[in-house]
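A.B. asks: Below is the structure I would like to discuss, written out as structure tokens.
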Amino acid sequence: MGCTVSRRRTTTAEASSAWGIFGFYRPRSPSPPPQRLSLPLTVMDCPICLDVAATEAQTLPCMHKFCLDCIQRWTLTSTACPLCNARVTSILHHVDSDASFVETPVEGATDVDGEEDEPVGGGFAVIWGEDYTEEVRHEEAEGQGSGSGSRARPRVPVFNWLYGQVSTVIESDPIREAVVDNIVEIIQEHGMNRQRVTEAMLPMFGANTHALVDTLFDISAQWMRRMQRRAPMSHQGVNYIDTSESEAHSDSEVSSPDEEDSGASSSGVHTEDLTEASESADDQRPAPRRSPRRARRAAVLRREQRRTRCLRRGRTGGQAQGETPEAPSSGEGSSAQHGASGAGAGPGSANTAASARSSPSSSPSSSMRRPSPSASAPETAAPRGGPPASSSSGSPRSATIFIDLTQDDD
């Protein structure tokens, strides 16, 4: 009985909760669904632009992932993978399954080992109505001459960029070639007129025409400025007007026979005034100059040589050189007699000469003594080459020669 009452109370409580207090029906809230484990979503960042890849693309055969726009611009300049440096043969993009994908072959870029493929876009090399095929051929030869492993930049980046932009919109190769040919013809026809080029390309690209033309003109202007900075190629150059014949003819008419006989040329320069290059170089060559140190060393060396000669002459009494000895003067007689009495004839004369040179009272005029016939006494003079004469007192007399050492020889 108790169980029945409790069951009825439970049923009444459920009904009241379902119909509400005032009798309105209130449906029960549905039970929440079971929670699922959410794995973190991995977003691929492009290694080239370091941003989230909007359209994911993979390179074959290395299967590295990049942005589609980034890897397409990269393959325009090099077929090497930015990550592993392997040769990229094609690009996979818009991959839905193993059987649904788009594969774009890579062509027209520089290989890793320095080899170049065929130029992109059928070999177009026309910039603003002028043919640059010869120039592109020369520059490609320069790129091949570089060492292996070097990545050469595209020689005509305007059309490489244009071909890449068209390839992002049109995937069919024949249609892509036709569109590029049409753009080249428009550029050849209208040149640098931006308005006419925009009007001619408007049916093909629609609303994207203005942005495409603006970018195309900017890249073309940069390329043209770069080409103007470079030196002209071997097949190009500046054509100068050669007026040498007309000038020579006019000079021959104006010049008279007298001027021709005098040796005057058409330029007005006389051949008589011309000198050899060696002579003019010798005339303009400056005279050698000695440094002060070398000059002082040379002066000291000359003084030592003079001093040595003076000592030798004093020891031999001037007989070896054939000089006539003379008596010392009154001012220097005391020093000479003192040297002669102290050390004999030979060494005494050397000591006397040294003392005479070291004495500060001797003047430069009195230090220079030369033997003269009038100053020498007849009894002291000795014949040339004979024995030394003796004085009246019988004591030997030494002959002293004084040479001024303060003056240098020229």
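Cβ coordinates are placed from backbone N, Cα and C, and glycine is handled just like the others.
From Swiss-Prot, for reference:
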ZN_FING   46-85  zinc finger
REGION    243-410  region 'Disordered'
COMPBIAS  287-315  compositional bias 'Basic residues'
COMPBIAS  329-340  compositional bias 'Low complexity'
COMPBIAS  348-399  compositional bias 'Low complexity'
A.B. asks: If you average pLDDT over the zinc finger (46-85), what do you get?
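C.D. replies: Across the residues of the zinc finger (46-85) the model's pLDDT averages 84 on the 0 to 100 scale.
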A.B. asks: Report the DSSP secondary-structure composition of the zinc finger (46-85) as helix, strand and coil residue counts.
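C.D. replies: Summed over the zinc finger (46-85), the classes give 8 helix, 11 strand, 21 coil.
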A.B. asks: By DSSP, what is the split of the compositional bias 'Basic residues' (287-315) into helix, strand and coil residues?
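C.D. replies: Secondary-structure composition of the compositional bias 'Basic residues' (287-315): 24 helix, 0 strand, 5 coil.
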